[in-house]
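Below: the structure, in structure tokens.
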Amino acid sequence: MSSGFSILKNTLALAVPNVLNPIVSFALILVISRYMGVEGLGAYSLVLSYFGLFATLASLGLADLVVREAARKPHETHSLFANALAFGSISSAISLFGMNVLVMLMGYERDLVIASFVCSLALIVSTAVSYLEAIFRSEEKSEYVAFCFLFENAIRVAVSVLLLIAGYGITMLFVAVLASRVLGFFALFSFYLKLFGKPIWHFNRDTWRLLYRQSATFASIAIFSTIHLSIDQILLSKLQSIESVGIYSAADRLLSICKTLPVSFASALLPFFTRSFAHGSDELLRLITRSLGYILVLVLPLTVGTFILSGNFIHIIFGEKFVRAGPVLQVHILSLIPFSMVFVLAQVLIATDNQAVDLTINIVAAVMNFVLNLILIPYLAEIGAVLATLLTIIVFNSLQNLYIRKRLFHIPFGDVYMRPLIAAGIMGCVTYALKDFNVFLNVGVSAIVYAAAAILLRAIAVEDLKSITSVFSAGKAE
């Protein structure tokens with residue numbers, strides 16, 4: 001099986017549920033916005049922001065290390081997983097305590113504090129799930145992770161919607177989050193046992209030494225990355241209001257859907273980058289260049305289309321109460337392009353043992369984003385938060401490019417960008433011309449125009465189309 005075929009297979013396995021998950025979650029978001037209003041959505045999103053921050057701390061960011069080491073030493077997979085799980089349990093317990101202390105110190109209302117406590121109980125399980133996912137990624141079995149995440153999310157959304165309709169509040173929503181996370185863990189662990197056998201439950205000094213030695217770097221990367229991507233909602237809640245968090249969250253939910261494809265693709269790349277680097281930098285450069293081309297073919301039309309139709313999307317999905325989210329989404333979607341590049345290049349730095357550089361860049365980004373949010377949010381509210389994110393991610397991407405060009409190799413970004421950018425520009429003209437027509441018709445026509453332009457301009461190579469077709473053909477054969 002070629003690396004291109006495997007990457008596409010893993011990408012689709014991750015992308016399908018990652019696209020479906022936020023779409024399924026929209027049912028819950030819509031019900032929350034209808035039953036609890038802008039402030040209710042803001043409170044729900046705020047608790048999830050705290051959870052995301054401390055879930056990163058709980059796992060110590062070691063999932064990528066587990067992927068890398070399992071790809072290098074597949075015969076040590078069982079021992080690696082079992083010892084990582086034990087190692088992560090300690091950090092998870094500390095994170096659980098820290099999350100609750102911080103939320104109480106922030107002085108939120110009682111219901112939000114209780115909801116946060118319930119949500120924090122899922123931290124230990126989430127750490128276990130992240131390490132399980134890492135093993136499946138390293139073994140190129142991402143479709144099993146995909147199924148389990150979709151199963152977990154469907155259960156969570158269905159139960160949460162029923163609870164809201166029955167009149168329950170935010171605390172019970174996070175009871176559903178906790179219960180579905182536990183179910184998701186057992187589902188994924190059952191697949192682990194079926195495919196790989198029982199993990200080796202004994203202490204391995206070398207593995208603990210590796211985890212301990214690398215935990216500071218990987219945890220710091222993950223923590224600072226999470227801070228610069230999620231601190232805006234926390235600062236909005238204190239510098240503006242919970243309602244501002246709700247407006248921001250509406251736009252951010254749509255951006256999150258657009259992020260699923262590039263994130264899924266980049267997540268599938270790490271084991272391939274690791275193996276390619278073992279054969280030399282030239283092979284790795286070829287794979288990176290091709291991968292970035294894929295990414296841009298995906299994200300450029302999403303960015304252009306959403307920028308033009310942002311107000312339409314917000315109105316259709318969230319209604320008049322969230323009309324302020326239209327301009328927020330218009331600015332926020334611009335960060336999709338540099339974010340996608342950042343995610344791929346971060347995998348490059350990890351695969352080439354340059355995680356210390358990745359950490360340094362993440363620290364710079366976290367500090368920059370925090371300062372920009374403090375400056376911009378008091379004056380521009382939600383627009384200030386998304387501007388801070390956009391400026392930070394552009395600087396982040398520039399620093400990555402600078403280091404890789406200086407220390408590793410020169411990536412031909414001009415060649416990578418040009419054709420998909422022209423195709424997206426052609427599509428954008430059509431999208432804008434049809435702006436006042438039915439939005440679904442507009443999206444359909446624009447997608448066809450973009451696909452045709454991309455093929456004619458050879459933004460999508462014929463061999464890439466054959467690879468995509470092969471993935472679907474293989475799926476049918478299986």
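Heads up, the Cβ atoms here are built off N, Cα and C, so glycines get one too.
Feature annotations, courtesy of TrEMBL:
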TRANSMEM  12-32  transmembrane segment
TRANSMEM  44-67  transmembrane segment
TRANSMEM  79-106  transmembrane segment
TRANSMEM  112-132  transmembrane segment
TRANSMEM  144-166  transmembrane segment
TRANSMEM  172-195  transmembrane segment
TRANSMEM  294-318  transmembrane segment
TRANSMEM  330-352  transmembrane segment
TRANSMEM  359-377  transmembrane segment
TRANSMEM  416-434  transmembrane segment
TRANSMEM  440-460  transmembrane segment
Please determine whether the transmembrane segment (294-318) and the transmembrane segment (416-434) are in contact (criterion: at least three Cβ-Cβ distances under 8 Å, sequence separation 6 or more).
yes
Excluding the flanking five residues on each side, which residues at least 6 beyond the ends of the transmembrane segment (359-377) place their CB within less than 8 Å of a CB in that stretch?
217, 220-221, 224-225, 227-228, 231-232, 235-236, 239-240, 383-385, 387-389, 391-393, 395-396, 399-400, 403
Is it the case that the transmembrane segment (416-434) and the transmembrane segment (440-460) have 3 or more CB pairs under 8 Å, with pairs at least 6 apart in sequence?
yes
Which of 44-67, 112-132, 330-352, 440-460 has the most Cβ pairs closer than 8 Å to the transmembrane segment (172-195)?
112-132
